[in-house]
Amino acid sequence: NGTSVEEFILLGFPGTWQFRVSFVVVFALMYTLTVIGNASVIALVWRSSNLHTPMYFFLCNLSFLEIWYTTGVIPKAIGVMLGTSQTISFSVCILQLFFLLSLGSTECFLLSVMAYDRYLAICHPLRYSSLMNSALSVRLALSSWLGGFLAISLLAFLTSRLTFCGPDVINHFLCDIDSCLALSCSDTWPVELATFLISIIVVVASCVVTLVSYMYIISSILRIQSAHGRKKAFSTCSAHLSVITIWYGSTMFLYVKPSAQNSLDLNKIVNTFNTVVTPLLNPFIYTLRNKEVKLALARAFRK
């Protein structure tokens, strides 16, 4: 009982071989589409001079993040479900946890920055170019990345100090904070408290910034006299509004709660949606619901 666990076994989705293979096919297809979709958004913005604006600069950052976010999950999950790579060392487990949570925190910050950008564009259209210049947009994006990784550093350090005496089976296809807390044989209260406080700071604070921005945006849109003007103003932020609704809904369920050790099976389902489905949906939402992107895409295909 005094021997610490040095590696874990990931269960993935238990079931028959045919069931797991079907999951592998779906995950591989979704991963391919995610990488192609997000890489296409980056390439499209880079090639189209009319998309060289802060809004699409932030969108490129989001697409770049989504590629790495899903890459940190799906290849390992496929190995787990095929039974070829079910074990994961303790150090790699902590590294995956740190990587995924840091990217998730960065996404929260980026989405709030994008909401602030839309607020400036709609509520202060005449001053937008001077308020949101290229220097400020770079600083905001860089702050989102640094803030996301710094916020999770303490949590990853505290988790790495936990003691694991057995069992060593994680009921998941990835290393997440809930599973680590459930398996630890040491006092998990400091990690649970840190998880809750960091979740409040990262998720709730960024969500409040986003909600306040959209309160001003909706108020400004309602004051526009013409129906065409209201529709045009709303179309510039409808895609972003769809993305933040999906992202914050699943993220708050997973992390903003006093105790992390509950509903591990349900967490697995929500995590699948958060780490696999959402990165796939984002580029298609922005492409299909954004007139400028559709026009740039049409021009690229014509060329």
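Quick reminder: no glycine exception, Cβ is built from N, Cα and C everywhere.
Per TrEMBL, the features are:
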type	residues	note
DOMAIN	37-286	domain 'G-protein coupled receptors family 1 profile'
TRANSMEM	21-46	transmembrane segment
TRANSMEM	58-82	transmembrane segment
TRANSMEM	88-116	transmembrane segment
TRANSMEM	136-158	transmembrane segment
TRANSMEM	193-217	transmembrane segment
TRANSMEM	238-256	transmembrane segment
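Residues of the same chain lying 6 or more positions beyond the ends of the transmembrane segment (21-46) and with a Cβ under 8 Å from any Cβ of it are 12-13, 52, 56-57, 59-60, 63-64, 66-67, 70-71, 74-75, 77-78, 81-82, 276-277, 279-280, 282-284, 286-287, 293, 296-297, 300. On the 0 to 100 pLDDT scale, the domain 'G-protein coupled receptors family 1 profile' (37-286) averages 84 in this prediction.
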